[in-house]
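The block underneath contains the structure these notes are about, expressed in structure tokens.
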């Protein structure tokens, strides 16, 4: 689960991190009032969306008057912001953050952390190349990113934070300030179950002070039950509507850009199904794992989710009956087809527990459902059916 910038800054400030002050505004009038309250020579108005690249997309503007702040807020609020990290539809802007005057600054640094599955540790990253896309730095000049692995038994050690400060070229009181900031970041990361944390840029101001100009936090969704106060900050408007609906039924759904809907039990089988659809010349419209213990109700909801995507021109159902029985899946498919009034081709491949009985139930249903023998056969049939419709 992602947090907005204003939420991330509020959380980080509780751990002693110096953050750029800002006031949330949900209307042009509130933006103008925020500008007056900040009282600087200018302010920065930032669109609050769950996506990077806001500046280049016109979502971050410098304003020099209350009228200008109101005008920028008016042009942003209620629109969708399209960045390199969003799809073509973009993300809805429901509010803006009016931030204090921070510039000019001496330098812009980068501070981030992720859970690294390779080392099975939290890994912090620092770089002198702040204020730019860190992905580009990692690709073009990876040597400019310094990584610090944190031993989970002892946590972040002060010497590690000092080493990072020296690597960034900091000196004197700046080293102590950065060390405090980095140790606070680690504490926030662990106590709140972050999956990803980023401050870009981390500004070194002309007075020698450090300030978090931006803040990005992604929370581990599997740990949200431990943080109801953070879960309450979830902004579903920033998420794919179908993915939100899927989470309510414990379905793993990811929307893609193809036209062949996929319903599979098991993540590995789901990925293999998408691969073979591509191999046969088709384009999967989604990743959807109904889980090993799929129930009739979840299969019906999965069908509804797939067909809610207007780009879907056919559906491939690929079920391996291990825990789940194929005859139960067959009954659920029939119920879903009748309830949703399916008009697109549906190809079903059933293997495993009661597969023959499941196939018999489908064949005797009187519905336009195509049975397949094996994954290759299933992929070929759905790709051919979709091309015939197109």
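First residue shown is number 1, and so on along the chain.
Just so you know, glycine gets a Cβ as well, placed from its N, Cα and C.
Copied over from Swiss-Prot, here are the features:
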DOMAIN    9-245  domain 'ATP-grasp'
BINDING   46, 53, 54, 55, 100, 103, 108  ATP binding site
BINDING   200, 214  Mg(2+) binding site
BINDING   265, 322, 323, 324  substrate binding site
* Structure fact -> If you tally other C-beta atoms within 10 angstroms for each of the binding-site residues 46, 54, the top scorer is 46
* Show which residues of the chain containing residue 53 (ATP binding site), separated from it by at least 6 in sequence, have their CB under 8 Å from its CB. => 83, 84, 85, 133
* If you draw a 10 Å sphere around the Cβ of residue 103 (ATP binding site), how many other Cβ atoms fall inside it, taking every protein chain shown into account? -> 12
* Could you state the CA-to-CA distance between residue 46 (ATP binding site) and residue 323 (substrate binding site) to the nearest Å? -> 49
* Asked: Which of these binding-site residues is closest to residue 214 (Mg(2+) binding site) if you go by CA atoms: 100, 265, 322?
  -> 100
* Rounded inter-Cα distance in Å - residue 265 (substrate binding site), residue 200 (Mg(2+) binding site) -> 39
* Structure fact -> Neighbouring CB atoms within 10 angstroms of the CB of residue 214 (Mg(2+) binding site), all protein chains considered, total 24
* What three-state secondary structure does DSSP assign to residue 46 (ATP binding site)? -> strand
* Structure fact -> Between the binding-site residues 323, 324, the one whose Cβ has the fewest other Cβ atoms within 10 Å is 323
* Which of 200, 265, all binding-site residues, has a Cβ with the fewest other Cβ atoms inside 10 Å -> 200
